[in-house]
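Visitor: Found this in Swiss-Prot, in case it helps:
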| type | residues | note |
| --- | --- | --- |
| BINDING | 37, 38, 103, 132 | [4Fe-4S] cluster binding site |
């Protein structure tokens, strides 16, 4: 994000990291990636009854270059997976991903060749939100959990190492379609 990449590891004090995290968690700009019925609940969260604006997220961004949170709401097909990855790569650092619903988290009831069995095989996921579809209150709770994670995320070199490790673990995981046992 600029200065923090140029600082050597361990240079910042923890209080400075906490303060930067506190400021970051209040200015999260989500990019919508609504693919199925979970997107309806995500839109309801932005309405007046649930008021996501109190967390500083009233404007959902249409451009990934203006967003730092991707909410993947719904199932991801094999043809949509490269598009999802491209949108993720275009987002500015630091960036976070929230998998909304069981379809985004694990493929849901669509356990076939055409659906990615969990969006974490394409991009690293920070928060998993269960439900089919999850209620807006659950999305708000997941956003609060993400705020806590953002506040305690390291800066600089430590952040880059953590992101690389999460991406390698996600891409090295066995796809659910190849697993045996209760899933098949």
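Glycine too: its Cβ is placed from the backbone N, Cα and C atoms.
Note that this is a predicted model, so its numbers are computed, not measured.
Let's see these features in context: how buried, what's close, how far.
Guide: If you take the C-beta of residue 132 ([4Fe-4S] cluster binding site) and look for same-chain residues 6 or more apart in sequence within under 8 angstroms, you find 101, 102, 103, 108.
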Visitor: Specify the count of other C-beta atoms within 10 Å of the C-beta of residue 103 ([4Fe-4S] cluster binding site).
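Guide: 27, counting other Cβ atoms within 10 Å of residue 103 ([4Fe-4S] cluster binding site).
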Visitor: Pick the one among the binding-site residues 37, 38 whose Cβ has the fewest other Cβ atoms within 10 Å in this structure.
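Guide: With the binding-site residues 37, 38, fewest surrounding Cβ atoms within 10 Å: 37.
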Visitor: Once 37, 38, 103, 132 are set aside, which residues in the chain still have Cβ within 8 Å of the Cβ centroid of the [4Fe-4S] cluster site?
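Guide: Sorted by sequence, the hits are 36, 73, 74, 75, 100, 101, 102, 104, 108, 131, 133, 134.
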